[in-house]
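Now, the feature entries from Swiss-Prot:
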- 108-121: compositional bias 'Basic and acidic residues' (COMPBIAS)
- 342-389: compositional bias 'Low complexity' (COMPBIAS)
- 415-427: compositional bias 'Low complexity' (COMPBIAS)
- C54-C192: disulfide bond (DISULFID)
- C61-C186: disulfide bond (DISULFID)
- C65-C181: disulfide bond (DISULFID)
- 16-19: topological domain 'Cytoplasmic' (TOPO_DOM)
- 41-71: topological domain 'Extracellular' (TOPO_DOM)
- 93-152: topological domain 'Cytoplasmic' (TOPO_DOM)
- 174-201: topological domain 'Extracellular' (TOPO_DOM)
- 223-435: topological domain 'Cytoplasmic' (TOPO_DOM)
- 20-40: transmembrane segment (TRANSMEM)
- 72-92: transmembrane segment (TRANSMEM)
- 153-173: transmembrane segment (TRANSMEM)
- 202-222: transmembrane segment (TRANSMEM)
Amino acid sequence: MGDWSFLGRLLENAQEHSTVIGKVWLTVLFIFRILVLGAAAEDVWGDEQSDFTCNTQQPGCENVCYDRAFPISHIRFWALQIIFVSTPTLIYLGHVLHIVRMEEKKKEREEEEQLKRESPSPKEPPQDNPSSRDDRGRVRMAGALLRTYVFNIIFKTLFEVGFIAGQYFLYGFELKPLYRCDRWPCPNTVDCFISRPTEKTIFIIFMLAVACASLLLNMLEIYHLGWKKLKQGVTSRLGPDASEAPLGTADPPPLPPSSRPPAVAIGFPPYYAHTAAPLGQARAVGYPGAPPPAADFKLLALTEARGKGQSAKLYNGHHHLLMTEQNWANQAAERQPPALKAYPAASTPAAPSPVGSSSPPLAHEAEAGAAPLLLDGSGSSLEGSALAGTPEEEEQAVTTAAQMHQPPLPLGDPGRASKASRASSGRARPEDLAI
């Protein structure tokens, strides 16, 4: 057959821009197909028509039987197989050469532009396109070039499968020495004989094995490219995170918890109660933030009562008891002789009260533990609104106070006593404090 050197040179150029499996495939194509076909197969099939004989004298019967036995010669069939299988690789090579030529033109334009400049920089090397060249100077297989290479492999695989199937349906994988032919113009079924059938069968099996090996290499290359691209895709997604966080580095320390402002406990304002000041002294009312007065005040902590109703009831009773004691103290002050009234009001002793009447208020105060409030002689509206009880409870508290504090027998005018009693129920009048 013809010279295969031109095709070999083209495929050799394509081998430089192929993968490892692609280079192996081209090696198999060169050695086990082109060389075997050109060196041995032509000699084996060179005399196949001249040595094909039939037991008939009918003119044309032998040629018709040969055409039916071998629709296409094995040599020409394998030559077509090599050409068809190599065509996708040649197309890929044309794409590579196109890219190389475009790069050369680009370099030439850059050199021309550099020469046209007023101050050229000869030391500046021409910059290559990083997307088309790798670190070894070869054309990078990416983008459109990669798609061309993948289509190259797919079409090679399809051609291999097609030619293997065609060989099976045309010849089968074995040549028999005897071939029976009944085709016209043969008068009857004639026997035809094939020369060197065993040798030809060996070559058929060998070429079939080479075709299967090429098909397997194509499938491996598809798997290799698919796995490589899948790995690159995963690496491109996870690569930046892995590069920023090298191995062996500890996790960053957790952020400190957000500092919250300290909880401000809002309590009730303190209340100051007078400790039984004498009648002549003015009563001072405490309020939050005010400086303490000169009189003796006692700061009582605000505690929660066990029962609201019980504490209010007991405190109402205690309040009325204190009012009753103050009334008796006013009466005693009025009965004092003029010599004793000349003394300061601060030296006036505490109001006399029976022994039995002083202990119950203290006992009630310790037992109830009610919230202390500011006590004055007149009873403020705050006390009345916060600790006001039902009329029955107030009546019971007043009755208890009357039972515990029996008034002494009047020594003077009973009218004055009733008059002082009416005056003590309200605010102190100026005539009560007159000396």
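If you go along the chain as it appears here, the first residue is 1 and each next one adds 1.
The backbone N, Cα and C atoms fix where each Cβ goes, glycine too.
Assigned with DSSP, the residues of the topological domain 'Extracellular' (174-201) fall into helix, strand and coil as follows: 5 helix, 8 strand, 15 coil. Rounded to a whole number, the distance between the Cα atoms of C65 (disulfide bond) and C186 (disulfide bond) is 9 Å. Counted with DSSP, the topological domain 'Cytoplasmic' (16-19) comes out as 0 helix, 0 strand, 4 coil.
For C61 (disulfide bond) paired with C192 (disulfide bond), the C-alpha to C-alpha distance reads 10 Å. Counting only residues at least six positions away in the same chain, the Cβ atoms of F52, C54, Y179, C181, R183, C186, V190, C192 sit under 8 Å from the Cβ of C65 (disulfide bond). Nonlocal intrachain contacts for the topological domain 'Extracellular' (174-201), taken as residues 6+ away from its ends with a CB within less than 8 angstroms of a stretch CB, comprise 44-45, 47-48, 51-56, 58-62, 64-66, 68-69, 74.
For the topological domain 'Cytoplasmic' (93-152), the model's average pLDDT works out to 71. Around the Cβ of C192 (disulfide bond), a 10 Å sphere holds 21 further Cβ atoms from the protein chains shown. If one looks beyond the topological domain 'Extracellular' (41-71) by at least 6 residues along the same chain, the residues whose Cβ comes under 8 Å of a Cβ in the stretch are 1, 78, 170-171, 179, 181, 183-187, 190-196, 199-200, 203, 207.
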